[in-house]
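K.L.:
Dumping what Swiss-Prot says about this protein:
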LIPID     C9  S-palmitoyl cysteine
LIPID     C12  S-palmitoyl cysteine
LIPID     C83  S-palmitoyl cysteine
TOPO_DOM  1-12  topological domain 'Cytoplasmic'
TOPO_DOM  34-59  topological domain 'Extracellular'
TOPO_DOM  81-89  topological domain 'Cytoplasmic'
TOPO_DOM  111-224  topological domain 'Extracellular'
TOPO_DOM  246-305  topological domain 'Cytoplasmic'
TRANSMEM  13-33  transmembrane segment
TRANSMEM  60-80  transmembrane segment
TRANSMEM  90-110  transmembrane segment
TRANSMEM  225-245  transmembrane segment
Amino acid sequence: MAREDSVKCLRCLLYALNLLFWLMSISVLAVSAWMRDYLNNVLTLTAETRVEEAVILTYFPVVHPVMIAVCCFLIIVGMLGYCGTVKRNLLLLAWYFGSLLVIFCVELACGVWTYEQEIMVPVQWSDMVTLKARMTNYGLPRYRWLTHAWNFFQREFKCCGVVYFTDWLEMTEMDWPPDSCCVREFPGCSKQAHQEDLSDLYQEGCGKKMYSFLRGTKQLQVLRFLGISIGVTQILAMILTITLLWALYYDRREPGTDQMMALKNDTTQHLPCHSVELLKPSLSRIFEHTSMANSFNTHFEMEEL
């Protein structure tokens with residue numbers, strides 16, 4: 001009875017962990033999709049520079065190929081574990097444990113590799129200044145994608161230019177910065193700010209923001225936290241799965257063993273009784289014959305006398 005209660009408890013815990021796997025995997029996929037626009041625009045601004053290489057080394061090994069594949073596979077594995085737990089199927093639970101172990105090893109290797117790559121990111125502050133060369137094509141009809149990337153980055157990171165907002169005046173033929181540099185953006189806001197109050201423009205350059213972006217953003221920190229949480233949850237799930245496999249295996253093994261032992265005990269205990277019962281009629285018959293012989297001899301002796 002105690003073992004049956006333990007099995008129920010283990011199954012409930014595995015149900016909860018599988019649900020947690022699904023939720024965290026969906027969260028990782030959502031955050032990865034959320035970061036996609038950031039990465040695309042940053043790569044557009046940093047094309048053919050050392051900054052582009054740093055962005056790729058920092059984000060893409062984690063965000064695109066590995067984390068997305070692991071999370072998609074983990075959703076399927078969670079379904080496998082759920083079915084195995086419901087049906088108490090040893091084979092499905094064994095596959096579930098093996099899949100979790102493989103996923104955990106991949107995540108661990110990816111984490112170590114990413115950490116080493118972050119240490120080796122070959123970018124310096126001086127590399128950010130080279131981004132000024134990308135500003136000359138801003139606003140041109142055939143470079144709309146670059147214009148969109150600059151506007152997106154300046155709005156999202158609340159910055160203007162590379163070092164300072166005056167970079168737009170130096171590197172382009174513009175008389176004032178783009179409207180995306182305004183703290184409160186509206187059509188013509190940058191012209192008004194340039195003529196009246198420069199404090200209405202973002203004072204910090206985008207070079208520092210991009211440098212901070214390479215060192216880690218909130219989205220990347222969320223991904224790391226989710227990755228660590230998934231790893232810890234996988235360890236707990238593997239421990240519970242091994243325990244459940246052990247309990248189910250011995251629950252299936254012990255009834256057969258008990259029946260064999262009971263049959264053996266019954267055989268050893270009941271055979272003497274059957275033998276005694278079989279011997280009882282023979283003994284009674286011998287006693288009757290002996291009694292009849294004794295009475296006959298007594299009667300014969302009395303007649304002789």
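A Cβ is built for glycine as well, from the same backbone N, Cα and C atoms used for every other residue.
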K.L.:
Treating G and I as helix alongside H, and B as strand alongside E, what does DSSP give for the topological domain 'Cytoplasmic' (81-89) in helix, strand and coil?
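P.N.:
Secondary-structure breakdown of the topological domain 'Cytoplasmic' (81-89): 7 helix, 0 strand, 2 coil.
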K.L.:
Please report the distance from the Cα of C83 (S-palmitoyl cysteine) to the Cα of C12 (S-palmitoyl cysteine), rounded to the nearest angstrom.
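P.N.:
Cα to Cα, C83 (S-palmitoyl cysteine) and C12 (S-palmitoyl cysteine) are separated by 13 Å.
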K.L.:
Within 10 Å of the Cβ of C83 (S-palmitoyl cysteine), how many other Cβ atoms are there?
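P.N.:
Taking all protein chains shown, C83 (S-palmitoyl cysteine) has 14 Cβ neighbours within 10 Å.
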K.L.:
Of the residues in the topological domain 'Extracellular' (111-224), how many are helix, strand and coil by DSSP?
P.N.:
72 helix, 2 strand, 40 coil
K.L.:
Looking only at residues six or more beyond either end of the topological domain 'Cytoplasmic' (81-89), which have a C-beta under 8 A from one in the stretch?
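P.N.:
Residues 11, 14-15, 18, 95-96, 100, 237, 241, 244, 248.
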K.L.:
Within the chain of C12 (S-palmitoyl cysteine), which residues six or more apart in sequence place their C-beta under 8 angstroms from its C-beta?
P.N.:
none
